[in-house]
Structure formats: C-alpha cells, structure tokens
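Quick one: the structure is below, and I'll ask about it shortly.
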Amino acid sequence: MSSAAAEYDYVVIGGGSGGIASARRAAGHGAKVALVEGNKLGGTCVNVGCVPKKVMVHATELREHLRLAKYYGLPEAKSDVDMAALKAARDSYVARLNGIYGRNLGNSQVDHLQGWGRLEGPGSVSVAMEEGGETRLLSAKHVLLAPGGKPFVPPVPGSELAITSDGFFQLDKLPGKVVVVGGGYIGVELAGVLNALGTDVTLLLRGQRPLPSFDETIASALQFAMSDSGVAVRCNSPLAGIEAVEAGATAMQGRKRVLFGEQGDQSEEADIVLFATGRVPRLDNLWADSAAPAMLESGHIDVDFQQRTSIPGLYAVGDATRAPALTPVAIAAGRLLSDRLFAGVEDAALDLANIPTVVFSHPPLGTVGLSREQAQQAHGAERIVSLESGFTSLFYGLVPDTEHRPKTTIRVNFLLPEGVTTDGTTPVPAEAMANARVVGMHVLGPGADEMIQGFAVAVKMGCTKRDLDSTVAIHPTSSEEVVTLQPWSPHFASRA
C-alpha cells in the first residue's frame, strides 16, 4: 500500500453515468478530481442497460418493418436474425462508448484510476488497482459514492440455472424458448425484444398485471398488446424454483423446468430462464465497517435532497440511492452536486417531480407525472378527471389484419381547480375543465418513446387543458390526439 495519500478536492467511486457526470462537472469548476472504477466505464446504462437494450429494440423494429413491407408494395424480405452478428456489432459499439468515456475524462483533466475504491474513513479512500496488485491511498474533502447496481437474484431453489438481465447481453444465439421472471420494466422490455426476434416467450408475473406502479389503463393495455403479439403472460404466478431437465444443464446451456404458482405446482420448460426481478445497490466492500453511512431498510444509502449522506463530506447518487433508477436522474443529481460543492450554487438540488419515463416495451410506453391512482391519492378522487383516446397508428393502416394491429392508448389525468369537484357522472363546467392542470400523461403506442419528452416540458410548466386545446395539432401524427382530447372547449381556448 502506498504510504502517502494523493490529495484531491473530490474523489468519485464509480464510473457510471452519475459518477462521470459529477466528476467532469467538478473538474470544469476547477476542482482536482479522481474517479475510481474497476469495471468498464459507463456503468449499467452503457454496458448492460439502456444502450445495448435500445440496440436490440432497433433490431426488432427493423424486423417488424420487413414483415410489413409487403403491405406497402415492397418485396417481402428475409428477416431471420443472426444473433451472433448482432451481438458483435452491438458489443463493438459499446466498446467505442467505453473509449469515449475514458477520453472525455482525460480531456476534462479527471484522473481515472482503474481499480476498486473503498471508503476507509472521512475523506479517505483506498484503491485496489487492477494492474500490479498495488493499493493506493487518496484523500479528499469531498467523496462521492456512485457504485451503481446489480441484478437481484431471487432466493429460490435452482436459481443458478437462470441468467439475469446482465446475462441477456451474453446470448450469441436466439433461444427457442425463454421464461422471463419479473413484471417490471426490465421484464416487459426483454420479453418484448425476445418475442419480436422470434423466440417463444413466457412472462411470469407475481402480481395481477405488469408494471404495477404505472397507470392501470396503460399497463393493462400493454398486457393486452403483449399477449396479442404472442407473449404468454402468466399473472399471479410467483416463482417457486428451477430444476434441470437435461443432465449437466447450466444457465446458458440445456433444458430447464420452471416451477411457479402459489403452490409451485405449475411448470414450463425453457432453454433460458431470465431473471428480470429488479436491481439492488452494488455495495460489496465499498466501505470499512467504521466508515459506513446510514442506510435505508431497502438497502439503499440514505441521502437528503442534496445527495448528502449521514457523514459530512460524503455523498451518493444513482442506483445506490432511492432516487428513480434512471440514467438522466443520476447525471442531473451528480452535476448539481458538483455545482453546489465547487461553483457555490448553494441551492442546487434535483427536482424529482414530473420526471419523464419511457419503457421500451412492444409497443413503447411513455409517461410523465402521476398515474390516475396516484393523482387520486394525492389530491382526492373527486378532483381528478381522466381523458382517454385509443386508435390505430397510420403506419398500420394498410395492414389488413385489423384485429391484431397494435393500438395506441393515451390517458391524460387532470387536476380540477380548487373548489371544483366531480362525481364522475355529471359534466365538469367548461371553464373549470379548461383550467384543469395536467398532473399525468401516459402514452402507449408507436412513437410514445419520442413523443413524451416534449410533453414533459409542458407538464413540468403546469400546462392546462386550455393550453392543450389552444395548441394547433400536427397532422397526421399520434401526438395530435393529446391536443384534441374531448371535451374540447373552443370558447375557452383563448386566453383573451
């Protein structure tokens, strides 16, 4: 171990999105910064999350377009998937991003230490270097913990026979049959990708529907769409265990049997069992026992609204905290923290209200603000009005199979002005409806992932039904449905 500690203004443990963003912002403010990371730079998002997942989604979109080309007068094209070639191209792209992150750190004058950081005490960090086995000591007035997360593995018999969402990106051939366990966004995304590429997929849900924290109308519409596309969705089917069917079966090889149901008396065989059961903080050997910060019961690091832990000078961002596990949230929190610490912006803090979210399901889902259930709980059911629209995107208009064309579903939740209520059966006065504020917007359908960002700005600014009604639509688009929701009140569309 090095005897003398290298001195810095800021030491960041973790080279994911939040850690890198905070380190570079701090260096931009003139701080001397070190970033410690033992894995590939970019964290979950770049290596086993957002980026490679979106590549897979693009592959499914291309395959779908090839399938439908004949309805547009184009010759039907071969759409078989060369999984090995797709994986190689995807991995090459991710490797380029790893290199870009490294170069960006260097260009920002951030010292990148390839190794494993451990908090030894206030302002003291040891680094087990990847090469040579050397341990270095660092000291800093401010230390940021940004270790990221890892997949949660359910403690059931035979769990070693399953892969996690991380392992999904190691597949170099398309499995014939996959059982996906988990009804959160990871589960529905990966189930949709595999199904769209041609795999036989079963999705096991512990509860009554996928995405239980999302707006019920939208989540139910997604469940219908997934079932209609061929995914076998098994509700109220908790996982009981996994057992080998073929001798010598492993997570990546051989046939397995998945046991599920309240009594564990139901089963399905599969080539691959994929755990999409959420992620937990990656805290292994992150600190000495005497240097541990206060923790939440959930296993996350306890931080306040400005990312401070219970230890002065120690901060945390990203998946290790209870903030929404979204890359842009970690980036924003990390940058604002550096603004506060090194640029004197004392009130810098992340506003967690109205953060837009996209699920890259099939079809995609975009949402911002409160679900109907959340809005009713927060403001009272008598003050919430939900308007909905359902239609088929023009892209599928030429497809003759009208029964199985993907549908777009939109729900917008409005908060009536103070003192105005509704029993749900009588019309709301036009003036009150015009002044009702959007507190939640939820879209399921083609293009929802690109549509929701712009509307999120409007929701964050407090837009009302009047604002939507007075906006001229773009035709023909799916987004025009949001600004033409009935009832429309032309008399109140003008602010004059």
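Glycine is treated like the rest: Cβ placed from N, Cα and C.
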Pick from G73, G278, G299, G313: which one does TrEMBL list with G182, G183, G184, Y185, I186, G187, V188, E189 for the same NAD(+) site?
G278
Candidates are C45, C235. Which one does TrEMBL pair with C50 through a disulfide bond?
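TrEMBL lists the disulfide between C50 and C45.
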How does the domain 'Pyridine nucleotide-disulphide oxidoreductase dimerisation' (355-484) divide up by DSSP, counting helix, then strand, then coil residues?
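Final tally across the stretch: 46 helix, 35 strand, 49 coil.
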Could you round the CA separation between G278 (NAD(+) binding site) and G117 (FAD binding site) to a whole angstrom and send it over?
25
Determine the mean pLDDT over the domain 'FAD/NAD(P)-binding' (8-334), rounding to the nearest whole number.
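Result for the domain 'FAD/NAD(P)-binding' (8-334): average pLDDT 97.
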Between the recorded positions K54, H475, whose Cβ has more other Cβ atoms within 10 Å than any of the rest?
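Result of the Cβ crowding comparison: K54.
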Using the recorded NAD(+) site (G182, G183, G184, Y185, I186, G187, V188, E189, G278) as reference, state which further residues of the same chain have their Cβ within 8 Å of the centre of those residues' Cβ atoms, listed in sequence order.
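What remains near the Cβ centre is L190, P210, L211, A276, T277.
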Could you check the recorded positions C45, C50, V188 and say which one's CB has the fewest neighbouring CB atoms inside 10 Å?
C50
